[in-house]
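Each remark here refers to the structure printed beneath this line.
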Amino acid sequence: MSNRKYFGTDGIRGKVGESPITPDFVLKLGWAAGKVLARHGSRKIIIGKDTRISGYMLESALEAGLAAAGLSALFTGPMPTPAVAYLTRTFRAEAGIVISASHNPFYDNGIKFFSIDGTKLPDDVEEAIEAEMEKPLTCVESAELGKANRIVDAAGRYIEFCKGTFPSELSLNELKIVVDCANGATYHIAPSVLRELGATVITIGCEPDGMNINEECGATDVRLLQERVLAEGAHVGLAFDGDGDRLMMVDHLGNKVDGDQILYIIAREGLRQGQLKGGAVGTLMSNMGLQLALKDLGIPFVRAKVGDRYVLEAMQEKGWRIGAENSGHVILLDKTTTGDGIVAGLQVLTAMVRNHMSLHDLCSGMKLLPQILVNVRFSGEHNPLKSDEVEEVTRQVEKELGGRGRVLLRKSGTEPLIRVMVEGDAEESLIAEMANRIADAVKAAG
């Protein structure tokens with residue numbers, strides 16, 4: 001990927017009120033995007049958002065910029081990211097824009113774009129938008145200004161789409177499900193989908209106030225979900241992140257089930273049904289246990305760079321249909337075009353119902369190796385990964401693992417963090433000690 005000024009691995013993101021997430025920047029971004037996208041013909045753009053309080057301000061700024069460029073906006077209101085991708089396709093809009101910072105705290109926000117086919121914008125289009133940003137803002141003639149309208153049935157359209165990915169001959173009548181919507185964009189979608197398919201649904205994280213998104217709930221913190229599943233005697237729990245493109249699950253015993261395990265279940269079920277096309281794509285962070293379990297099933301597996309866009313690129317390159325990150329981004333190209341937490345969850349529930357198996361039993365064919373991830377915040381002025389001390393400690397740990405594990409150090413694409421991952425076939429306490437040793441060296445270098 002080329003060196004761009006504003007766009008990162010997942011759009012543009014930052015703290016609200018600080019560059020680049022300011023009203024004036026976002027207005028200019030809307031205008032620049034409008035100028036570039038108008039060249040392709042369509043004059044309408046879908047705009048969705050999660051439940052952050054800043055979403056109101058930013059969608060107004062975006063709409064003003066688009067209107068000045070002559071494009072009209074169609075607002076969905078709070079809506080999961082994959083719903084915006086879906087609506088962009090069905091409305092034949094030139095693009096979709098999501099205002100969200102995904103799993104980040106409420107005081108962050110971001111902007112990401114989808115193309116007309118519901119996939120993320122190609123690099124060259126993002127680069128063209130950045131180039132347009134450098135030009136002075138102009139306004140089309142009054143008669144050519146864009147308009148703004150609301151898609152009044154956006155939620156209902158997406159609910160029906162999600163239900164359509166669940167087999168019509170099955171139902172969820174026998175399941176009690178706890179769903180945690182992270183006080184985010186799925187709060188009015190996921191419970192309805194599950195109830196309409198017959199499940200008994202208990203909700204948590206479904207009361208957004210603009211500031212409680214992802215706060216001690218959702219896919220990034222499943223402790224509350226684990227407690228509630230056990231307290232309610234539920235069969236399963238589902239947790240989404242703030243914008244609904246990630247999924248974590250909890251089995252009836254309170255165990256967390258991550259993106260690697262979800263990918264394993266979906267791949268194995270696809271194989272059983274004769275519907276698996278090729279293999280499965282994971283990432284550099286995928287647990288080695290996933291690779292070994294898929295190998296036992298004869299399912300090919302490759303690792304992409306971390307980031308759902310890279311998973312998708314690898315899937316397209318291979319012609320494969322399923323891929324996931326262990327963080328819970330699950331992409332199922334036979335169902336949709338981007339990571340979709342609700343759709344992924346429905347495929348796991350399908351496997352449970354069809355095979356009369358618990359989530360715990362579905363996971364039993366895959367043994368997760370101990371994997372410790374430590375996030376180290378740094379100033380951003382120096383790259384700790386280039387430190388001689390960090391390299392030396394990393395070499396020592398790799399030698400101790402003796403070929404029975406992996407060490408991975410990488411910079412986050414969205415935050416000033418170094419992610420330290422150590423994985424191996426050893427006691428978890430030993431793996432944690434190794435990871436903390438490297439993390440301490442990174443802290444000292446940062």
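Every residue number used here counts from 1 along the chain in the order it is shown.
For all residues, glycine too, the Cβ spot is worked out from N, Cα and C.
According to Swiss-Prot, the feature Mg(2+) binding site maps to Ser102, Asp241, Asp243, Asp245. Counting only same-chain residues at least 6 apart in sequence, those with a Cβ under 8 Å from the Cβ of Ser102 (Mg(2+) binding site) are Asp10, Thr81, Gly110, Asp241, Gly242, Asp243, Asp245, Arg246.
Residues or ranges marked as phosphoserine in Swiss-Prot (evidence: sequence analysis): Ser102.
For Ser102, the entry in Swiss-Prot reads active site, phosphoserine intermediate, with the evidence type sequence analysis.
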For this session: Let me know how many other Cβ atoms fall within 10 Å of the Cβ of Asp241 (Mg(2+) binding site).
Result: 34
Exercise. Does DSSP put Ser102 (Mg(2+) binding site) in a helix, in a strand, or in coil?
Worked result: coil
Exercise. By a simple count of other Cβ atoms within 10 Å, which of Asp243, Asp245, the binding-site residues in the record, is least packed?
Worked result: Asp245
